[in-house]
Amino acid sequence: MWHFLVENGKCCLLGIYDFNDRKESLQENGVIQTTQDQHSSISPPASTVSGAPDDEPFSTYFEEKVPIPEDVTQMFSFRKLWAFTGPGFLMSIAYLDPGNIESDLQSGAKAGFKLLWVLLGATIIGLLLQRLAARLGVVTGMHLAEVCNRQYPTVPRIILWLMVELAIIGSDMQEVIGCAIAFNLLSVGRIPLWGGVLITIIDTFVFLFLDKYGLRKLEAFFGFLITIMAVSFGYEYVVVRPDQGELLKGMFLPYCEGCGPAQMEQAVGIVGAVIMPHNIYLHSALVKSRSIDRGNKKEVKEANKYYFIESTIALFISFLINVFVVAVFAEAFYEKTNIEVNAMCNASGSPHTDLFPLDNSRLQVDIYKGGVVLGCFFGPVALYIWAIGILAAGQSSTMTGTYSGQFVMEGFLNLRWSRFARVLLTRSIAIFPTLLVAIFQDVQHLTGMNDFLNVLQSMQLPFALIPILTFTSLTSIMNDFANGLVWKIGGGLVILVVCAINMHFVVVYVTSLSSVALYVLAGLLCIAYLCFVGYLAWHCLIALGVSCLDVSCLASRVSNNRPSVFIEEQPEYDT
């Protein structure tokens with residue numbers, strides 16, 4: 001339920017509240033709380049569970065807070081930046097998952113260097129969206145799922161949770177299967193796809209408990225995996241030696257000369273692969289791992305600054321790694337035909353020659369075939385190093401995906417289970433469908449499934465982007481750190497463009513199904529989908545200041561005699 005303060009004929013948005021939840025909270029506390037008490041930007045609301053710690057109402061993966069060194073004499077401190085370094089790099093792993101790597105290699109093989117500017121633009125948009133997620137976590141002390149739990153009514157909240165879980169499952173399936181493909185390549189086909197999935201499940205459970213040895217050690221492990229990716233794909237880049245002039249031209253000149261529907265669809269796929277819904281929820285939670293006094297406005301502002309710098313560095317590194325992959329396949333395999341690749345694989349003695357039919361159609365590659373063709377053209381070392389990079393990408397993204405699942409489930413459902421139970425549940429939800437796919441599909445026929453999973457994740461984007469813009473625009477939640485006019489307008493336009501691009505991707509996929517029954521089913525699902533997106537967008541527009549959309553507010557302005565129920569208080573920061 002939305003609540004407004006009507007004063008002197010003006011309507012001011014205070015927030016969204018579930019009336020039943022608020023009523024229970026008031027009865028338990030025995031006092032009437034103001035809106036800001038309910039949604040303080042200084043610290044999370046106090047836990048209502050007996051014996052729960054006051055400063056952490058929801059249990060998360062971190063059992064420690066990284067201290068921030070005090071340095072009042074400098075505008076910028078590398079010591080402080082180092083203390084804040086970690087969450088942004090964990091977040092950046094979603095930009096390097098197997099789905100992104102596959103999108104990169106397909107972009108290079110289909111369009112050469114011509115779509116690098118799309119990758120650059122998508123990464124910049126992703127950085128701006130991650131900034132909003134980090135600010136929400138820093139200012140409120142709650143991550144996005146926790147805020148949604150407190151702000152949306154019960155039914156929309158449950159629907160939102162289910163949609164985000166679908167996005168996590170889709171992403172996790174790609175990541176786990178990416179690991180399984182890497183194991184298959186490294187073992188020269190001896191480890192089947194389902195065997196690789198089982199290995200990934202086991203080692204993910206092991207790695208997830210590394211944070212028991214310290215949060216910084218866990219972050220260092222993720223940094224090690226990113227380094228492996230950089231070295232592996234960087235090696236391929238050095239071996240292939242792409243044309244640097246064409247690379248820079250494709251990166252900074254927004255053009256796509258001679259591009260057709262296939263290239264345009266690939267451009268849309270790049271945006272869908274880079275901007276992932278569950279990553280917004282993840283980043284808003286990861287920033288809670290630093291010890292910040294949210295009663296001190298200066299500390300909150302400083303944390304926002306350093307997190308943004310760290311995120312920029314992390315996404316710049318992830319962008320370079322993505323560029324390595326695009327450039328390798330653009331230089332070596334752009335406009336190559338199946339018969340050319342078949343001849344080269346046959347000459348090199350590759351056992352995978354049958355993957356490429358003897359015709360003059362353009363080469364179609366995925367993560368598996370990409371490794372094979374690298375081995376055919378540049379030797380077995382290139383294939384194995386490629387597989388190691390894919391394994392690092394899949395393993396790291398699988399771990400961060402599991403954390404995303406924990407945060408989302410804990411936040412939306414307010415779960416207070418044991419650590420092992422939480423990991424087991426969130427893993428099982430995504431692993432069972434992945435295992436079924438691995439058993440009934442072979443490693444050479446996964447492209448159709450990846451296309452479906454990309455569409456699934458594209459459809460879930462509004463369920464992360466609209467809430468993050470809504471809540472970071474509310475002064476009742478963000479106080480002095482709420483989005484200004486420029487960020488409200490710019491953020492709204494960016495989200496509108498991203499969602500429109502991804503909806504185009506969905507339409508292209510659905511129209512390619514060529515089935516009347518599937519058209520009808522897709523039409524019915526789209527009606528329900530658009531209704532819920534419209535509901536979220538309606539509330540978002542009100543948060544952005546379009547209060548004329550609220551019926552109750554309009555009625556209050558007309559009558560001008562409705563008493564104010566909630567009083568919005570401005571926070572008092574320590575100086």
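Yeah, the Cβs are placed from backbone N, Cα and C, and that goes for glycine too.
No curator has checked TrEMBL annotations; they are predicted automatically.
Computed from a predicted structure; not experimentally measured.
As written in TrEMBL, here are the features:
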- 31-50: compositional bias 'Polar residues' (COMPBIAS)
- 31-54: region 'Disordered' (REGION)
- 116-138: transmembrane segment (TRANSMEM)
- 191-210: transmembrane segment (TRANSMEM)
- 222-240: transmembrane segment (TRANSMEM)
- 267-286: transmembrane segment (TRANSMEM)
- 307-330: transmembrane segment (TRANSMEM)
- 367-393: transmembrane segment (TRANSMEM)
- 424-441: transmembrane segment (TRANSMEM)
- 461-478: transmembrane segment (TRANSMEM)
- 485-510: transmembrane segment (TRANSMEM)
- 516-538: transmembrane segment (TRANSMEM)
Segment proximity, the transmembrane segment (267-286) to the transmembrane segment (367-393), 3 or more C-beta pairs under 8 Å:
no
With pairs 6 or more apart in sequence, are the transmembrane segment (267-286) and the transmembrane segment (461-478) linked by at least 3 Cβ pairs under 8 Å?
yes
Between the transmembrane segment (516-538) and the stretches 116-138, 307-330, 424-441, 485-510, work out which stretch tops the count of Cβ pairs under 8 Å.
485-510
Can you work out whether the transmembrane segment (307-330) touches the transmembrane segment (485-510), with the criterion being 3+ CB pairs under 8 Å where the paired residues are 6 or more apart along the chain?
no
Folded-back contacts onto the transmembrane segment (116-138), same chain, C-beta under 8 angstroms, at least six residues removed:
87-88, 91, 95, 104, 107, 144, 147, 247, 250-255, 267, 270-271, 274-275, 279-281, 283-288, 292, 294, 300, 303-304, 307-308, 311-312, 315, 318-319, 322-323, 326, 465, 468-469, 471-472, 477-478, 481, 483, 487, 490-491, 494-495, 498
With Cβ-Cβ distances below 8 Å as the criterion, list the same-chain residues six or more beyond the ends of the transmembrane segment (461-478) that contact it, or say none.
13-15, 35-36, 39, 41, 129, 132-133, 135-136, 139-140, 144, 147-148, 151, 160, 163-164, 167, 272, 275, 277-281, 284, 487-488, 491-492, 495, 498-499, 502, 533, 536-537, 539-540, 543-544, 568
